[in-house]
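Pulled from Swiss-Prot, these are the features on record:
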type     : residues       : note
ACT_SITE : K146           : active site, proton acceptor
BINDING  : Y32, R99, H101 : substrate binding site
BINDING  : R51, E178      : pyridoxal 5'-phosphate binding site
MOD_RES  : K146           : N6-(pyridoxal phosphate)lysine
Amino acid sequence: MAYSLWNDQIVEEGSITISPEDRGYQFGDGIYEVIKVYNGHMFTAQEHIDRFYASAEKIRLVIPYTKDVLHKLLHDLIEKNNLNTGHVYFQITRGTTSRNHIFPDASVPAVLTGNVKTGERSIENFEKGVKATLVEDVRWLRCDIKSLNLLGAVLAKQEASEKGCYEAILHRGDIITECSSANVYGIKDGKLYTHPANNYILNGITRQVILKCAAEINLPVIEEPMTKGDLLTMDEIIVSSVSSEVTPVIDVDGQQIGAGVPGEWTRKLQKAFEAKLPISINA
């Protein structure tokens, strides 16, 4: 039996009823997070929870629980489901009220939900690399907020899937931003390039870990926008997210990247990232 988070309770998944007038359902008026679980333990849990509260503040949504309470609820949800390896997803909406674009009265309670998903690490992708395609970035201008409004990303990801690609690498005009569900990096002449963390991208928690890994292996980081031309001439390309970890891209729209296999710096980053997993798990 599967269990879900329903506000401050862990309940049977099938017992939850969402109102058709929930603002998340009608407006996408809410935020979410996804945390990777290894061996029953959340990885970088505090960073994800901190970002959850930061996103809530940006959209003026009050979370009616402390960070410590939320952390305990997520821990209990994982334990109740006996989750070993996978993800825990949680979201909060601005609550249920008659449909109106204007915020509801402060007395309307927010609605917190969460669930878990079992899933092993994508070792084959890490080892062999994946294909990607370039797609115009048509999302809104507050990509730094982990909003429930994901239609632009959904359309891009679908386009990539239909082309037989793992990811859609997004660009606004000629400038590379990120992917439909990941951050993107290029490595050229021993330097790591990635878009700066501003409103055009989500400052991924995995991204933050990777930048620390780069410093540890003496790989200089340049946070500057890349052009499409820059990207296609990189020696190596990687994408990162909670599920992707450090995934090499070996082909973009049929153009081989580097030698067409995961590169030396990618392997070093993967090794440095992997080394952090037990550190966080035991923290």
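Glycine too: its Cβ is placed from the backbone N, Cα and C atoms.
Positions of the features from Swiss-Prot, shown on the structure.
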residue : record                              : DSSP class
Y32     : substrate binding site              : strand
R51     : pyridoxal 5'-phosphate binding site : helix
R99     : substrate binding site              : coil
K146    : active site, proton acceptor        : coil
E178    : pyridoxal 5'-phosphate binding site : strand
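The shortest Cα-Cα distance from R99 (substrate binding site) to any of the recorded positions (R51, K146, E178) is found for K146.
Ranking the binding-site residues Y32, R51, H101, E178 by the distance of their Cα atoms from the Cα of the residue listed as 'active site, proton acceptor' places Y32 first. The two recorded residues, R51 (pyridoxal 5'-phosphate binding site) and H101 (substrate binding site), show a Cα separation of 25 Å. Fewest Cβ neighbours within 10 Å among the binding-site residues R51, H101: this applies to H101. The Cβ of E178 (pyridoxal 5'-phosphate binding site) lies under 8 Å from the Cβ of C143, I169, L170, V184, H195, Y200, I201, L202, each of which sits 6+ residues away along the same chain. It is K146 that, of the recorded positions R99, K146, has its Cβ surrounded by the most other Cβ atoms within 10 Å.
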